[in-house]
Every structure is written in C-alpha cells, then in structure tokens.
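Below you will find the structure I want to go over with you.
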C-alpha cells in the first residue's frame, strides 16, 4: 500500500511492501520501480536512499532527484461522488475512531450507520509517475536485500516517507529444488467446540507391568488452578517464582517450575494432532492397528512403547458427544506406530477408516521429578544441595598412591587428583564436581573413579569396603557409554544396566546386552526384584529410570556412591531423581558412612532442553552442577584455581590441537586460556594441507553466504537453501579428495553436519540422500550424521561442517528469548565449534553473525588467519549501524514472528500506570489519533475480548497486553497475556468514547504506528 495517495509500483511487486526479482551470477539485471501519485493533490518527491549499502545494488533515475533538485508529481483528475442513503465505500489503510466505533481497515467495505456523520470520498484517476531503475550485479549465489526509503512532502500533510524492501535472488538448481514446499502459514490452534467424550480404554502391551521390582505409589500431581491463571494484575505465583532459591522454598519453587513446563508441553503437543488420517490392520497381529506418524522417528512427536494416544472417528467430528478410543503403543517402526485399541473399535474397523488423532506426552518424568523435590525435603538433603562445609573424613581404609586401571591417567595430574579425591570422599556431605571442558576426558575420569571405589582390597588399589555404585546420565547413549567403558576392566557379573521398559532393544549396543535387563522369554525389558539388584556392585541407568529404584525403596545407605555424568544436560529435579531416596547424607553423629555424590559436566556447554520461556527465565534451565559452580562459594574459582577438595577442572585437551583447529577462541572466551594441547597430531593436523583451505596450515574455513531465511507450511523452523548448496559443495570435495597428499581415506561416518534449526537439518538430509546424484550413490552416505548442536554434545568428528542459517536480524531478539539458533547463545556456540578433531567448516552470513560478540571474535580470528572465503565481508561502520537503528525506528516490518513454540506465559504485570515514551511507542488508554496497522492480511473489525500479542509492540494499561523487547520505546517489559506468536491474534482496543471494546484481527506481530 501507499501513503497520502502515493503508490510505489513494480512488475516484481510481491505485496507487503516487497519487490523481489531473480538474477544470475555475473549477469547484470535491472528492474523499474515506479512512484505514482494517485491522490488529489500534488506531491513532491524529495529523493530516495538505501538505508544500508549493498555492494550489489545501484539505483538510477533520469532527473537525479535530490532535496535540492526535487520532482513534483501532479495529481490525477477528481471524480466527485455524493453519498446517498445506500452509499458505501471501500476504505483505505487508515483505521480511525468515530462516535459509532472504529472505521476503516484496508479491504473492508463500510456504509453509513445510525448517528454517523456523512462521508464524502473522492476516488481519483492516476496522476504523474516517475521511474527509478534498480540494478543488481553479483558474483555469488545469494539473497541480496536492500531497504529503500522514498521521501516526499505534501502541502497539507507535510513530509512523509514510504519504504520498500527490494531484493535480488541468485539461486542454484539445488537451492530451487529445496525451496519452500508450501507458503508459510503460522500454526493456528483449532477452536474446539464443547464436546462430551466417552472414552474406551485400549489394550496395553503384554507384560507391561514392569517385572518383579516392587513399587510404591508415585504421585501424579495435577497442575494447580492458580498456576493456570494467565492474565490479571495479581498472578498468585509471581512472588514464589521471583524468590531466590533456598532449601526452605526448594520444593515449592521447583514444583511450580515443573508445572509451568508441563503447561507448555500441553500446548506444544497439540501441534502434532492430526485429522482425517487412515489406519490399517497389522498383517502380523490382527489385534493391532497401524498409524502413520510423520516425524515420529525424530521424536516429533515423541512416541514410545507403552505410551498412549486418543482417536475419534473423523466423520463424527461435528457431533456433540464423541467416543474417543485410547490406543496403547505396542511398537514404533520408523514412521509407523502399532496401537492396541478396545475390541469394540476392532469389531467395526475396516482398513483406511479415517480418524482424528490427539497425542499425549508421557508424564512419568515429571512425576518422578515432583517426587524427588518432595523427598529432598523429607530426607533433609540441604547439606547436599546447598553445601557449606566438609567433614574432611576419608573413606579409604589404607593410604598410598592409587594404582589406576587406565595408565594414561597417571600422567594427567588433574585426572589423577580428581579420582583420588572421589575415592577418599573428603568432600562429604558436599558433592564432588569434575569440571570437564570439551575433549578433556571427564567421562574417562569418572569411569576410573567408579572402578576404584568398586574394587576389593586385592585389586589394583585399596578400594572401599561394601561399596555399591549407582551411575547415571540423562540419556541412554551416555549411560551406555559408561557401561561400555566399565566392562573393559570390571567383572560382567557385578555390573547391571537397567533400561526403561519402553526402550527399543535394537538400540542397545551389542557389548552391553549380556548385562542389561532384557528378557528373551517376554521380549521386553523387565525390572528384576530388589533382592537380585542388591547383589550388583554397579547399577547403571538413566536419571529418570533411577526413579524405579526409589520406588522399590532400597534400604538406607545401600548405595555408597552416586555418579552423574553429563550433569549439565539435566534440569536439577531430574538429577535429584537419582539422589533423593537413594543417597543418604553424611552426618558425623548419626551417619558417618553417608554417601558420596559425584557430578561431571561443563557449565559452559549446553544445558537441558526446555519449552516454557517462563520456566527458563526463572531458573529451571540451570542444572545442579551449574548452580553450584555459579552460586556456591565452595565451587567457585579462587585467585589461581578451584578448591581441589570440591572440584577439579580438567585442562588437557585430547580432541584437537587448540591453535590450528580454532578452539583457541573458546579456550580464551570460556576457560580462561588454561586448556593445553594434547591431541594426536596425526589426526588433528591431517587436513592442514587440504587443497581447498583458503590458507594452508589453518584447518578452518569460514564460508560467507548471503542467504535467505525461509519457512514453509505451518512449521516455524527456519531453513536456508543457499547454505545447503555450499555445504553440499564442500562435502563432495571432502569425499572426492580421498587419500590425496598422504591423507587417509575419510568415511561419511567421520563427518558431521550441525545446524540449530530442525528444518535446516531436514533440508540438508534431503540434499544428501535424495537430491544430489553423486552423494546418493555412496553406499554409506546415510552414516553421515546431520543434527542439532544438542545431538552432537559429547561427540566428536574428524571433520565438522556447521550451517548457522540466519541471514536476517529481524527476529534475533526472539531467538535470544527462546534460546534458539546460535546468536546470543554462547553455550551453543561453544559446543558447536569444539566438536571437530581435524577440520572445521562454517557456512553462514558474516553480517548477521558479527552482531554476536562470540561469533564476531571468531569471525575476526578466521579473517586474520586467512580462513575466510565466499561472500565479501567488511565490518559495518558505526554509521551503518545507525542507519539500521533508523530502519528499525521506521517500523516497516511486515513479516510474522520468528521460530518459537506457541508460548504459554502466565501473567507478568508492571505495577502503576505506564506512560508512552518519547520514542512514540505504545497504545495507551484514552489516546486519540490514527492507528495504522502494518503488514495486516485481514483488518476486519469485530467485537472480541482479544488475545494479547507477543511481538514488536508495546501495549499496556487497560488497552491490552504485549511482550518481548519493544522495538518502539526500547523498553524491556513483560506484560500479561497468553502468547501465541505463531497464530493470528486479536489486539484489544478501547475507543476513547468508552464504548465496548473492539478488536483488530491481524497476523502475528506487526509493528504499530500511533500518530495524531
């Protein structure tokens, strides 16, 4: 749309103020942009300018218009209309208030209403137009956007501006093939009418009672009503959330945070519900039905054996009363789920009958975490969770130097010291922490400590008498690794690996199957009796499965040691599952043999994965290990080092040589420059002479790409096809340079590709396995792992490629708030660039990445070392940064919100009456003027209570609610409301006349301009 009768037109106009045209590298392209006066008065064009220099673009016009040499555009001819009783008109883009209520809204038709003043309109014929040429020439594939500001003046209205987003796109064939499969439409939750459900229970898997291990009742707390309140000035839980965590409020605060996370999970799971999907009978078992669930192989949604879902007949959807059938998951095979339903459904079932599907999530992890924080209080674990001292009493019965199983640790003083401190137990009742930066061998250290406390006096060390060890990790893969390494030196009969009953036996590594809880007769994992488990000296489980041991109520003091590896990956209540009810606290008077807790991890790497922004904001994402190291004086670094009685920081890096491989940056940024190079040079230097390196001897490539953030369908996840093109090019060069210059052959399984967005991971996999003919031919190409940063934490690859994806700064604040992407997330940055052993290749937009301090440091480092290539990059000057600020202030945004889940945000209300800032942002009670929606697709006016928006708006008082950092007034506020950033919203407005509220129905997160 235009303004004051002026329109900006182009044959490449895409709507919403965007002009987009294709180009070919090394071939100039020109498009015409027309400025046209369709108003009733003459308008003067004062000039135009690009708000940020784009080297690919130049602009030309015949008269070389400037403020000193303006161009006058004459109006078209007037056509006078006299309104009659039935007169109606189509309004322009301006929305105003009258006594009768709101008027206007682009595309809406209005007629006279009772009490309304007569309206006169004057449609016009076209007036003068003026042509401006935009020329683009580029040498690289890419997306090249520039914002052009046209400046005008008009006698009656004064000066005004109109902005246009002009972009040229040079796409490769692969980038075109991987482009959006459907236009992006934000997810919209279905408005469900009130329905009465009659539930018919299904048939769970055989023998799903869990085996012989006794179980006490595990509570299943429902989310309290007060937590579900999502608006109002006095949210009952606000004070509890804001309180500093102490042992006195430990249970209350963590249970509240777990409830908030559960509420978000309830919202998120609805994204996966399906309608009109067919099911068929299982040919191998006629009592089961098969449902195709796209994405289930990637846990989107997470569906495991023993879980359940609900289905209803699609043709009965409109009935006021429905029968919903509860189906239990018997098996998950790729993207097929086998379900057990009631005999009534099976009796009337025919193949391809269509159903509506409602997914659920497994509440067991939440239940055991609720129980754990409750038991922490009952078992008085304050000295473990909030330690302030040590009794300094040793568990060893004999002194002397330890004889290690792994002789390599004898030359690593930090690893040896950590093992010795753990074996002596001198930190009790306080936990002992192994702080292990990337590649320093924290798991190896923990495994050695477990072996030492397990062995008898006849073993290689003195051992500790009657030790029983519980070793845990957040994931199955990390728990399996502990078991695999322990089996190298300990008797198989003393180790027991307990898998959850839902785990697929095919995913269990072969070498640990003999010592795990699989039952061949029952064809499932079963839990042995407590009496049988008590005979094992080392039990290994995930943290959540450790809850089964709590349920079985082992005798107090049975477990002398609890080891938790990768502790930083788990929320604190999850770690507590393996502690509360298992470990007894040492007390000199009542329990001198109290247990030893050992935590291993790195607080500088990624923490747990959470969904609720409010739970994240108030500390649920902070692991037990990180909280202790940040806020407890026993674990904080002194002038020179940490107190070795409570924490050991491992310093020797065995993954890669720090300086040539680029990990010198995280070493300096996160680890005080203390990491030492100890990697095998045959591996870490193997790509220093690769012919594709921009600079020989520096095995890092930072390939700049001016790509485009894209989305498709109703997925909020971003992808960047031009970055995929660059990655595929490098991948082919890697696999085609086999054995050259003395390098050994590299297999796809030695290569990893990381991207922070799920959709980009999907596009990269498509390119490798379905689009590129050369790569598709490789027999083992599917062994090449493509995944998120979280999937690679704790892993390493000889060669690592990274796609950073983001090429637009528009929604980086949302990425920051929701912990998405790489930017403003130092932990994700740290993990990503420390996975490579020999070669690191990064593909990304340098302009966007330079906005982040850590990435900017790394980018400068690569440029200084000669590792930068691709799209030409120069740091932006302060003047350009100021222009970007000006662009933000112009409020030209038209896109929808960035990637995030639909966010359920309980009320946050600022006390007092807020006032608009000098920046002019906000809609305030009693304000008068004109409200101009920007980027709305639908502006019909309808009565509604409204749903407050989250996005780039600042709304407060009695008018409505908003959230996020306001781009208008720059304030950082949280306002009340349920936030649905991916859905259309309705913003409540209060007319100055005091009439009932009306609302504007618009797409998510436009910017609002208040004037008048």
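Every residue, even glycine, has its Cβ placed from backbone N, Cα and C.
Remember, it's a predicted structure, so these values are computed and weren't measured experimentally.
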Which one of these stretches, 854-875, 876-897, 898-919, 920-941, shows up in TrEMBL as region 'Disordered'?
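TrEMBL lists region 'Disordered' for residues 898-919.
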Are there at least 3 C-beta pairs under 8 angstroms linking the domain 'Helicase MOV-10 helical' (237-271) and the domain 'DNA2/NAM7 helicase-like C-terminal' (620-846), leaving out pairs fewer than 6 apart in sequence?
yes
Grab the same-chain neighbours of the domain 'Helicase MOV-10 helical' (237-271) for me: Cβ-Cβ under 8 Å, and only residues 6 or more beyond its ends, written as numbers and ranges.
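For the domain 'Helicase MOV-10 helical' (237-271), the far contacts come to 187, 189, 221, 223-224, 226-228, 301, 359-361, 363, 366, 369-370, 373-374, 376-377, 382, 385-386, 572-573, 610-615, 618-620, 627, 901-904, 906-908.
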Which value does the mean pLDDT take for the domain 'DNA2/NAM7 helicase helicase' (411-515) in this predicted structure?
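Taking every residue in the domain 'DNA2/NAM7 helicase helicase' (411-515) and averaging pLDDT yields 89.
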